[in-house]
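Peer 1: Quick one: structure below, then a few questions.
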Amino acid sequence: MLKSSWRKTALMAAAAVPLLLASGSLWASADAIQQKLADLEKRSGGRLGVALINTADDSQTLYRGDERFAMCSTGKVMAAAAVLKQSESNPEVVNKRLEIKKSDLVVWSPITEKHLQSGMTLAELSAAALQYSDNTAMNKMISYLGGPEKVTAFAQSIGDVTFRLDRTEPALNSAIPGDKRDTTTPLAMAESLRKLTLGNALGEQQRAQLVTWLKGNTTGGQSIRAGLPASWAVGDKTGAGDYGTTNDIAVIWPENHAPLVLVTYFTQPQQDAKSRKEVLAAAAKIVTEGL
């Protein structure tokens, strides 16, 4: 009887070893990711913020996830989503045509500058803002919605009390260290992007439209997308500003895996520092390796 009991205990202990090893491996992996991100940040000479949400199990990988960063053009997603939200009760909203005057044009307006005679619909402006990062398109959306505070109010309506839009383009890209205007945190943005593209913050049709716009982005090839396997589907929105601020937020559909939501924000000490898209690509590779 004693021998049988000892054998049972030994078998149970042996069975537990792989679980303990697996658990230790998971923790080691998480620690390794943090160290790799810290090393990347140190090599890059700036401040890096990362938030990854794995929707397969709701796990999160965060690096400075609760620190504020200037959003720059990644905030255009929230403005476009606010327009889409209005179209749930009034489908014709997206077809509303807005006049575009020469005096409306600001720096980097590759699409709107071609429509001074015809104007553009809110749907066209949303696409221009998201897929080409057209700044005048963003300003026209903000104006239609009633000002930056209305975009912030929409963010709050979906549970995001961190996001704040205070100015229009291009002033919102000043990215002054310590300035809370036009900022959010990587985690807050990741949670909002998940709600907007994978959750129920928008109606089914509006959500599908937002995803389509993001997948058609033309500005993200060297950022998050560059750090992922080419076979993975990605919808993203980039951003850039002073102090070498370089941003990208993305929804990712890996092969044979639940979607991922990834936010990468990077900023530097010098006001005239150059954009560093390769840092975002490297961060994306670090946090998605092994999936």
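Cβ atoms here come from the backbone N, Cα and C positions, even for glycine.
From Swiss-Prot, for reference:
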type: SIGNAL; residues: 1-24; note: signal peptide
type: ACT_SITE; residues: Ser73; note: active site, acyl-ester intermediate
type: BINDING; residues: Lys237, Thr238, Gly239; note: substrate binding site
Peer 1: Taking 8 Å from the centroid of the Cβ atoms of Lys237, Thr238, Gly239 as the cut-off, which other residues in that chain fall inside it around the substrate site?
Peer 2: Cys72, Ser73, Thr74, Lys76, Ser133, Asn217, Thr219, Gly220, Ser223, Asp236, Ala240, Asn247, Asp248, Ile249
Peer 1: Within 10 Å of the Cβ of Gly239 (substrate binding site), how many other Cβ atoms can be counted across all chains shown?
Peer 2: 26
Peer 1: Any idea what the Cα distance is from Ser73 (active site, acyl-ester intermediate) over to Gly239 (substrate binding site), rounded to a whole Å?
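Peer 2: Spelling it out, the Cα of Ser73 (active site, acyl-ester intermediate) and the Cα of Gly239 (substrate binding site) are 4 Å apart.
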Peer 1: Show which residues of the chain containing Thr238 (substrate binding site), separated from it by at least 6 in sequence, have their CB under 8 Å from its CB.
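Peer 2: Listed in sequence order: Ser73, Thr74, Ser133, Asn217, Thr219, Gly220, Ser223, Asn247, Asp248.
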Peer 1: Does DSSP give the residue listed as 'active site, acyl-ester intermediate' helix, strand or coil?
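Peer 2: In three-state terms, the residue listed as 'active site, acyl-ester intermediate' counts as helix.
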Peer 1: Using a Cβ cut-off under 8 Å and a sequence separation of 6 or more, which residues in the same chain sit near Lys237 (substrate binding site)?
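Peer 2: In sequence order, Ser73, Thr74, Lys76, Val77, Leu130, Ser133, Leu214, Asn217, Gly220, Asp248, Ile249, Ala250 meet the Cβ cut-off.
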